[in-house]
Structures are given as structure tokens and as C-alpha cells.
Amino acid sequence: MFDNDFLALLPETFLVSATILLLIYGVVYSTSKQHAAQPNVRNIAWLGLCCIFITLILLVTQPITTANLCYNNFILDNFTFSFKVGLLISTICTILMCLQYFQQEAGTPFESIILILMSTCSMMFLISAYDLIAMYLAIELQSLCFYVIAASKRNSEFSTEAGLKYFLLGAFSSGILLFGCSMIYGFTGVTNLEELAKIFTIQAFGPSSNVSLEPNFLQTTQLFFESHSSGVFLGILFIAVGFLFKITAVPFHMWAPDVYEGSPTYVTAFFSIVPKIALIAIMLRVFIYSFYDPTWQQLFVFCSIASMILGAFAALSQKKVKRLLAYSSIGHVGYLLIGFSCGTIEGIQSLLIALFIYVLMTINVFAIVLALRENRLKYISDFGALAKTNPVLALTMSITMFSYAGIPPLAGFCSKFYLFFAALGCGAYLVAFVGILTSVISCFYYIRFVKIMYFDTPKTWILYKPMDREKSILLGFTLFCITFFFLYPSPLFLVTHKMALSLCL
Amino acid sequence: MEFAPISVYLVISLLLSLILVGVSFLFASSSNLAYPEKLSAYECGFDPFDDARSRFDIRFYLVSILFIIFGATVSNQVILEVTFLFPWAVSLKKIGLFGFWSMMVFLLILTIGFIYEWKKGALDWE
């Protein structure tokens, strides 16, 4: 019975076993006396990179593309496939851009790579989770790895604080999520997302729908919902709040700036790129597929508007680079939630496009931040006169910032344009209006980077060491994608359309 | 229903221990309580050298975390690993080879964690 399951879960199984072998290799090698206990973070990082690459190959060449696995606990379809590919590629990019960091800070424990691999595994499971319990367990495994790597720099107070804060608020949000799941289970009696989808479809469309079921069953379900809808509503609300905590949407964003600023830079890069992908995937699965229901939509509209406004205004007064990027990512979560709150196929498609472009831009910007960290790049003013000391990097940075701000021919403009277009198409005029307004406001601080780099003369000139090959290739590639996206956007459109269709149909 | 005698047993043992403590209060003479040396902390006859608040050894935490993971029974709280082993051991006949190998995989992963601890030196007490 499980033969096909093992075959279909081969990428995940491979990644788990490879991670375990790497752990043993790392611990034996780093404690052995013959090798003089040399720190081998970089070695493990390269091996981990190879593991993820092989996982990617296994995933792409996998013969089973559509299946329900392990007693309906996991699902494989087009949607999960594309999301997993995206997740693995962005993990590869994150590890690539951290390699120089590991060389400079040789004291970094090799376990952080193991934990990154482990959380990647759990995010792969999270993307294909098809049951509330499987979903919760995958989220917990991922967050446990994150708590540890956030606090991994033991001699830094900021890192410890970030880890503690992340742990407390993460545990709190997981508790809320779990309470929501138990409410849903208590009032419907199922945890499987497909079963939930059946129940909610009948509730949403009533007996007049085309769902061909016996009228008796329909009547009992209707009766059931009239008496239980408040409990189910509470469950949905709590699950939504738990997820909004995890993706740092606004009323629940308090931890994000501190955690992003406090944890080591490579961890921040990982946090702001990779988990967003997995969480958005499972949120789409849960809310669009299972709970297709207007009750959560108002909450998401509110969070979207609030995130956009706070992301725009709070970032105005930031002086530290990582904190500013944290607020900017909060704002971008707001933009992503626009696509969410439409609930149409166009909305989901525009969300997926925006997610792809957000990841691309964030990889680029964090590669720059990591490249400039030699002299403790901390404040925005440290970018001063970068245009004179390193003109190509300054140009890259300014193009990325223009793209973040949404200046026309760049990729960021396309993503925002399609989001607003989808919002207008489904009649969410207020959201589109606020989105345009906040994107104009946020131009101010994105373009301030350009002003600082090109026109300011700083008091102290900071000279940065040249970056390594991996980061420069990454920067070149992402910059190429950002700049020339508008010339040939159709592949991305086709892929995202296919994903949205396979989710909704 | 078999918990009823246990709870009665708990109450009786509580009463018995209270009685055992109370009896000594009844019969002991309290005349030399005012003697201050009897109330001071016992440090092998000397006065205490420094503050009692000293640095706490991290190894106690390590041991307790290992204990939580590899588990044992603490009053009525049964912790992780052994918790999983109990139902497996009881129902091994029904779940067959598949159940057996599933648990072996679980134990393998746990053993790898144990090897990691060992190599890292968390089990060394000097």
C-alpha cells in the first residue's frame, strides 16, 4: 500500500536522510582529534547545497505528479510541484549567498546548515500537507529549526533576544493555530482538507448548487451548519490569525522587525525569503481550497490594508538597513494579501507572480547586504558614496530599489500592476486604492537609498571588500531577471496560471 | 474505576505522613530553639564563605533536556520516547512487520540524535 508513497515522497526522504548523514559527518569530523577540530561550516554548506540540488533533480524527474499520499495526509499536484521547485531554488540561492559569511565568521556552528536543511524538508512537507494535523506538525518542525538558528550567535545579545522573542511569539501563534484546528475538528469532525472542502462547499452554495449529492445529506449538512456555524467561524478565525502571525501581517507583526534585525544576517535572509513561500502555499491550500468562504475574507482585506499602510509609514523613519527591510517585507506581505483577499483565479495568479518577484528581489537585496557586511553595514547612511567606491554594485542596488518601489519597466512594477489589476477586477476598489497610495509613499524610502549612494558625501568613507563569485553570479542573474522581466513574462504567467487552476479546479 | 482505590490510597498516605511529622512536634522539647547556632546553615562547621547564589552548571540543563527527549516516567507525566514505545510494545502483534519497521525508523533517527549528543560531549561529566 505504501510502495507508491515511498516513491512519491522520494525527494523528501532523500533530503531527510542526507541531512542526517551530514549531521553525523559534521559532528564526527568537527570533534575528531586527527583533523584538529577545524570548523567546517563551509564544507557542510557546500555538501548541503549539493543535497538540495539533488533533491531538486529528484523532484523534477519524479514520475508521480498527482497523488494523495499516506492516507490522504499529503497531496502532490501541479501546485505543490511548482511551489517545491521554487522553495528549493530559493534555498539554494540563500545558502549560496551565505558562503562568504561562513568563511568570514568561521565560528558559525555547522549545525545551522543542518537546521536550514531540516527546515527546508519540513517546508516541503508543509507545501504538500493535506490535513490539518500534518500541516501543524510541518509548521512546528520548521519553526523549531528557526528558533534555534535565530539564536545561533551565542555571543551576541541581539541574536539571543531575537531567538527568545521569536520563540515566544512563534509558540503563541502556533497555539492559536492549533486552537483553531481543534475548533474546526470539534465542530466538523474531520481534519482532512478535502473533507473540509466538501463540507464548506455545501455550506457556501447551499442545496441549489450543482453538487450532486443526495438531498438527505444536503439537508443534514445545512442543519448542521445552522447550529454549528459560530464554532466553525471561530476556528477559521483562529487559524487565520495563526497564519497571519507567521507571515507577519500587520496587527500581528510585532516580532518581525526585532527578529529580523537581531538575528545574524544570513538567518535574516533565510527568514525573509524561504518560509514565506511555504506559508503562502499552505495558506492558499487551506483558505482558497478548503475554507472557500466569505468569513475570512474581511480579515484578510483588513490585514492587507493595515500591512501596506504600516509597511509604508514605519519604514520611513528607520535608520537601520535590516529593520527597514523587515518593514518593507511587511509591506510586501500586505501586497501579497491583496491577491489573497480577491479569491478569484486572477487574484491567486497575481499573488503567485508577486511572490515570485518578491523572492527574486529579496534574494538580490540580501545578497547586496551580505556582500557589504565586512565593515558592519548597519545603518542606511553606511551606503554613502557607494556609487564612487563600487559603481556597479550601486547601480544594482538602485535598480533593485526602483523595482521594489514599482518603477515602470522593472519586475516589481509588473507584480504590483497585476495585483492591483486583479483587485480592481474583483471589485476591491478600496484595497487597490490604498495599495497604490502606499506604494507611492514607499517610493520615498526606497529611492532614498539611491540618493544616499549617489549624492551624499559621508563623513567616513567605508570601503568594502570585494564579494565572492557565488554572490556576484546571483546578483547578476537576479538583476537580469528583474530588469528584463517585462520583455518575456509569459512563462511565469503560464506557470502561475496553471498553479492557480490546479488549486481551484 | 480502578483509580478509586488509588485516590483513597493517596489520601491515606498523605494523612499518615502528616501524622508522622506531627507526632515529633508533640513530643519534642522546644527549649533550645533560641540557640542561634542551631538555626545557621551547616557548612562543615565554618561560616559560609560566599553568597549561595553561584553560577549554575549548564550540564544540569543538558541532562534534563536529554531526559525529556529520551524519556522516563515522572510521576504521572510520561515523556516523549518511551511514550511512543509503550503503545507500540503492547500492540506489536497487530501491527506486524510494517509497524515494527516504522518504530525502527523512529528509533534510528533518535539514535542518530544520541550519537550526535555523544560525539558532541554532552554526556561527559568530566
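Placement of Cβ uses the backbone N, Cα and C atoms for every residue, glycine included.
Over in TrEMBL, the protein carries these features:
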- A:129-442: domain 'NADH:quinone oxidoreductase/Mrp antiporter transmembrane' (DOMAIN)
- A:41-61: transmembrane segment (TRANSMEM)
- A:109-127: transmembrane segment (TRANSMEM)
- A:133-152: transmembrane segment (TRANSMEM)
- A:164-187: transmembrane segment (TRANSMEM)
- A:232-254: transmembrane segment (TRANSMEM)
- A:266-292: transmembrane segment (TRANSMEM)
- A:298-317: transmembrane segment (TRANSMEM)
- A:324-345: transmembrane segment (TRANSMEM)
- A:351-372: transmembrane segment (TRANSMEM)
- A:392-411: transmembrane segment (TRANSMEM)
- A:417-447: transmembrane segment (TRANSMEM)
- A:473-495: transmembrane segment (TRANSMEM)
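Listed by sequence, the residues of this chain that lie at least six past the ends of the transmembrane segment (A:351-372) yet keep a Cβ under 8 A from its Cβ atoms are 86, 90, 93-94, 97-98, 100-101, 265-266, 268-269, 272-273, 276-277, 280, 284, 321-322, 325, 329, 332, 335-336, 338-340, 382-383, 386, 393, 396-397, 400-401, 403-404, 411-412, 414-416, 418-419, 464, 467, 471, 474-475, 478-479, 481-482, 485, 492-493, 496, 499-500. If you look at the transmembrane segment (A:417-447) against the transmembrane segment (A:298-317), you find at least three C-beta pairs under 8 angstroms, all six or more positions apart, and that counts as contact. Among the listed stretches A:41-61, A:109-127, A:232-254, A:473-495, the one sharing the most Cβ pairs under 8 Å with the transmembrane segment (A:133-152) is A:109-127. Using a cut-off of 8 Å between Cβ atoms, the transmembrane segment (A:109-127) and the transmembrane segment (A:41-61) share at least three residue pairs, counting only pairs 6 or more apart in sequence. With a cut-off of 8 Å on Cβ pairs spaced 6 or more residues apart, the transmembrane segment (A:298-317) and the transmembrane segment (A:232-254) reach 3 or more such pairs and are scored as touching. Of the recorded ranges A:41-61, A:164-187, A:266-292, A:392-411, A:473-495, the transmembrane segment (A:232-254) has the largest number of C-beta contacts under 8 angstroms with A:164-187. Among residues of the same chain six or more beyond the transmembrane segment (A:266-292), those with a C-beta under 8 A of the stretch's C-beta atoms are 79-80, 83, 86-87, 90-91, 93-94, 97-98, 101-102, 112, 116, 119-120, 123-124, 126-127, 129-130, 135, 138-139, 142, 146, 149-150, 152, 193-194, 196-197, 200-201, 204, 236, 239-240, 243, 246-247, 259-260, 300, 322, 325-326, 329, 333, 336, 340, 343, 348, 351, 355, 358-359, 362-363, 366, 369-370, 503-504. Residues 10-12, 14-15, 18-19, 22, 25-26, 81, 84-85, 88-89, 91-92, 95-96, 98-99, 102-103, 106, 108-110, 112-114, 116-117, 120 of the same chain lie 6+ residues outside the transmembrane segment (A:41-61) yet bring a C-beta within less than 8 angstroms of a C-beta in it.
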